[in-house]
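Peer 1: Dropping the structure in here first, questions after.
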Amino acid sequence: MAGKTLYDKLWDDHVVTQRDDGSCLLYIDRHLLHEVTSPQAFEGLQLAGRQPWRLSANVATPDHNVPTSKKERDQGIAGIEDDTSRIQVQTLDDNCKAFNIVEFGINDIRQGIVHVVGPEQGLTLPGMTVVCGDSHTATHGAFGCLAHGIGTSEVEHVLATQCLVQKKSKNMLVRVDGVLGKGVTPKDVVLAIIGKIGTAGGTGYAIEFGGQVFRDMSIEGRMTVCNMAIEAGARVGMVAVDDKTIEYVKGRSYAPKGEQWEQAVAYWNTLHSDVDAVFDAVVELNGAEIEPQVSWGTSPEMVIPVSKAVPTLEQAKDDVQRNDWTRAYQYMGLNAGQALADIQLDRVFIGSCTNSRIEDIRAAAEVVKGRKVAPSIKQAMIVPGSGLVKQQAEKEGLDKIFLEAGFEWREPGCSMCLAMNADKLQPGEHCASTSNRNFEGRQGNGGRTHLVSPAMAAAAAIAGHFVDVRSF
C-alpha cells in the first residue's frame, strides 16, 4: 500500500464520518473571522437560538474595511467614513461581544489582517484544519495545516457545529529545486508557478509545495506562496512541517506550553508526505531559472520576468488566450511587445495578506534606504499586516527609512489590496502592488494592478517605473 501525502494525513485525521455521496464531515480546529463574511452567519445563529459549539476555536479581527490613516484610526470605529464599512466593523464588534468570541478590535495592538494575525498569535498550529470566510486562508497551509476559505453559510455551519461537509481534492506536488538567485523572492516563486500552470492549473487539487527552494525558504516566505495557491486554482496549499515551522510557533501566545508542547511537537514531526506517497499530478520548476516577476495583465497568470516584454498575440497558445490578452492590453493601456520599464507607474502599495509581514517590510526598506520616491509617483504606501508587525518595524527604525524616502507609513489593514476601504486607485492609474490579485477593478474602478514582490515594488517607487531589483 502506497504511503500518504501530507494532505491525506491531515484529511484522515479530521474525518468525523464519511457520507454516502463520497463527501466527508470534517472537524474544524480553528475558525478565523472578519467583518465582511460573518454578519449573516451570526444573524443565522441568533435567529435559530444557537450558540457557537466551541468558543475557544473562534477568533475575530476586522481587516477589510478598516481605515489605515492614523487620523481615522485614532477615532476607532467612529472614524470609519464609509457607512457600510463602519456598520460591518461595528457589527463584528457587537457580535463578538454577544457571543463571547475573542476579538482583536480596531485599536488592539494585535489587530491586523486575519492571515497575518493567526500565525503571529500561534492561533495557527501545525496539523490543524483552519477555515475563514476568505479565499486566501490557504496562507495557513505554510504550517502544515489543511486550510481553505469558506462561504458565509459555511461560516455559520462551523460556528454552530465545529464541522464542515467537504469533498476531498486530488493531490498535486509543485516541486521547486535549486537555489534562488539574488533578488528573487517567494513572491517571484509563486508568480512563476502561476505563470507556468495558469490560474486553473490547480483546480480540483490540494497543492503541496516541496523541493529545495521551499526547504530553504523562511516560514513567512512559505506563507506568501501558500497565500496564492488560490490564484493557481487550488483552495488548499501547504508545506511540510520542519524545524523552522516548530521554531516559528514556539512561545507564541496561543501555542501549547510544557508537556502539551512536547506532545504536539511529536505529532507535528509526522506531518510530511511519506517517501512512497503518490501524487495525482507533479509540476517541477528550477529555482535557479526564476527571475523577479511582474504581472502585466488582468489575471495573475499574465506574468513575466522583469527582463521580458509584454507578450504578443503570436505567443498566445489558443484563441481563448488571444482574446484574453487583447482585452487585457486594452484595460491595462499597454501594447504588445512593450518593455515593462516603459510602463509609467502612479502608485506603489506594499502590504496585503501576501506581503505585509516583517520580512517583507525589511526587504523593501533595504532597497529604499538612502533613496527617495520618484517625483512622478503620486503615492507610495507601506501598510504593515498587524499592529505587532508595525511595532516591530518601528522598533527597528524601518518606518523612518520609508518616511524619509517619501513613503506613507500606515496603520494595519487590508488597505489597497481591494477596493473596500478608503485606499483605492483612480481610473487609469498603474500600481506596483505586493497584493495577490490584478483583476479589473480590484484596487479601484479602472485601476491597473501589477503584482510584484516587496523588493520590486520598492525599487519601482524609487525609479518611477519597473526595474530589475537585481541590478538596482
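Cβ atoms here come from the backbone N, Cα and C positions, even for glycine.
Annotations for this protein, taken from Swiss-Prot, read as follows:
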{"type": "BINDING", "residues": "Cys353, Cys414, Cys417", "note": "[4Fe-4S] cluster binding site"}
Peer 1: Using the CB centroid of Cys353, Cys414, Cys417 as the [4Fe-4S] cluster site centre, which other residues of the same chain sit with their CB within 8 A?
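Peer 2: The answer, listed by sequence position, is Asp63, His64, Ile113, His136, Gly351, Ser352, Thr354, Ser356, Gly413, Ser415, Leu418, Ser435, Asn436.
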Peer 1: Which number gives the other C-beta atoms within 10 angstroms of the C-beta of Cys414 ([4Fe-4S] cluster binding site), all protein chains shown included?
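Peer 2: Looking across every protein chain shown, the total is 29.
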Peer 1: Among the binding-site residues Cys353, Cys417, whose Cβ has the fewest other Cβ atoms within 10 Å?
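Peer 2: It is Cys353 that, of the binding-site residues Cys353, Cys417, has the fewest other Cβ atoms within 10 Å.
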Peer 1: Using DSSP with the three-state reduction, classify Cys353 ([4Fe-4S] cluster binding site) as helix, strand or coil.
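Peer 2: Reduced to three states, the DSSP call for Cys353 ([4Fe-4S] cluster binding site) is coil.
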